[in-house]
Amino acid sequence: MSVQAWTIFLAFLLFPVAVCGYECYVTPCTRDVIIVVDGSSSMQTSTYISQEINVITKLTYSWTLDYSKVRLALVGAYFGNEFNGLDYFTDSSLVEKRLQSFRLAAMQYGLFNGDFNTTVRFLDERYVGQRANFGPRTNVQKRIVIFTSHSGEKDIASTKNTLQKFGQLGYSVTLVGIGVSEDVYKNTYYHKFVTIQWFELGSVAQSIIDTITEEGICFLDQGWTTPKQEICTTTPTTTRAPTTTTKKSTGTVKPATTPKPVPPTHAPFPVGDYQDCSCTTQSLYIDIVFVVDVSEGMGLGGLMMVKAEINTLVGQMSLDPEIQKHVQVGLIKYSNESEIVFKPSEYTNEDEFTEDLWTDPRLEDVDEKTDEVNLHLALQQAAKMIGSMRKGVKKVVVIYAASYNDEGDDDARQIAANIRESGYEIITVAFVEPESSSLVMKIGELASPRMNFTSFRDELLVDELEDALCQVNCYCPNGWKQLVLEDRKYGECFFPTKIDASWTATKFECPILSKEHTGNGHLVYVNSALKNTFLNKFYMDHWDPENQEKPNYDIGLSYDKATQKYIWVNGVTNNPYSNWAEGHPNLSKGECVMSKQEAGTTTDFKWNSINCQTDSGRGLCQEAACDSDFYCPPN
């Protein structure tokens, strides 16, 4: 697939054939759109600018650009301390290259001071005014979308007259405020204001993209009416919108669409008050190998989206080996052959990695000479690379694939199984078009549990991938068993004590057993039937009948005389779950609690009251997992 893949999303986004107040929902959509990218020091860092560009990529990468339809002009404000604004694009492939040049300028030259007034004056001189270099088409609705982080109220207020003139000339201006509130812009003039908070910039919700599209671009200007619905003809090689035929009907006419493939179905996460693994991307301590499909099936637009996603992910991590918790990253590209692009040892700075991600000629375009792929070969290289990385550090292979072949020597299933059996995780992202539903299930076969994802080319999966990487980064100290429920890892680890002792003695033993980690170990907290079953099975698996008569274990529950309540050692008093044996609790037998195996069963345990001082047994200790909050040295 070529750059023409960019056109598909907007065809569905902008061209439904329902009669409404949005002309873009009728074929054909015609707009002249100007988008301003803020590259000033108000954006704070080049990482934020890169994320801003990712948002614009997500907004525009599938638009159908054509002189008779949508034209798009991109303005770079203060990149390299200057303004960059060329004529309207009618070729989608040039859009991403232009955005890429802005991204690189921010990384290479740094950020420069700027103001909102100068940005507006540039628009007036270059695009809007009577002497503009690049004027609009006649009888076409005109839109300006300004991404801005400027916050000087006097500076902003000084643009009111100019922006009012824009409106009088037919330009509707939408302001996308990054890290600033609409109140700062109350003294200027605009059609729509959309806010993106700094913390949202790395993974902007689709609802924000939809708002910009629908209320900033696709609405109808006053005096414009919905034109007659037309047939948009298409051939297999055109970049036009999909064919939509209007039929006589008394109801609403709907467009002919191709259903999207069903994404991999992950069961909902278990319901319960379990300790999640902490997930601070900057504090990850893992090794990552990205494996990227650059075959014709990916298309240039797809490759740029993959790079944007990798940029966003790695840009939030630390690659500095001087920092205790840091990441090593490698990258392999493949089509019918594979090639190592970045070796893990080459980068100690995330900015250097992301800059090379956009400048390395090996990642500038897809391989249009072939639509064949050999993921098996790429995974062989990935296995060798990841095996040579840091010892004792958790590792993951992240596969981005737009095509897949599971036949003959190209079958990647066995090598993927070998990677997983070596203790490494595999994340798959099926980067698909609507007709590629078979790819979803097939590429997902290679993934670790709950780590197969699907991108429909109209959204980044940053949140999902961050969570998956944090799952890789979540594990237990040596000898401890992690809580895993329905293939979801949690930040809870368990360890059985090895000698018989009273409940009170065991209570003090747990912190000692965890002293090499957090030192906050305690007798186990049982708060669901699902967790109870997990713990019973774990204890039975580690029960030594020769040294312990029965597989009973102390839990962290005891009666508090002062409050006259049962309290867990972690302070919980309102645990909704209980598992008392018949006739219990029974204070006459004691104030502490042991989980005892029911007679005639192997895995059925019930809670029994015991004497805290005289009844002896083993305990089951609980401790926090190693994750982005709690560091564990390499094993």
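Cβ atoms are placed via backbone N, Cα and C, with glycine included.
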Statement: Going by Swiss-Prot, the cysteine from CYS612, CYS621 that pairs with CYS592 in a disulfide is CYS612
Field: Helix-strand-coil residue split for the domain 'C-type lectin' (489-621), DSSP-based
entry: 24 helix, 43 strand, 66 coil
- prompt: Going along the chain, which residues six or more apart from CYS612 (disulfide bond) have their CB under 8 A from its CB?
  reply: SER502, TRP503, THR504, SER558, GLY590, GLU591, CYS592
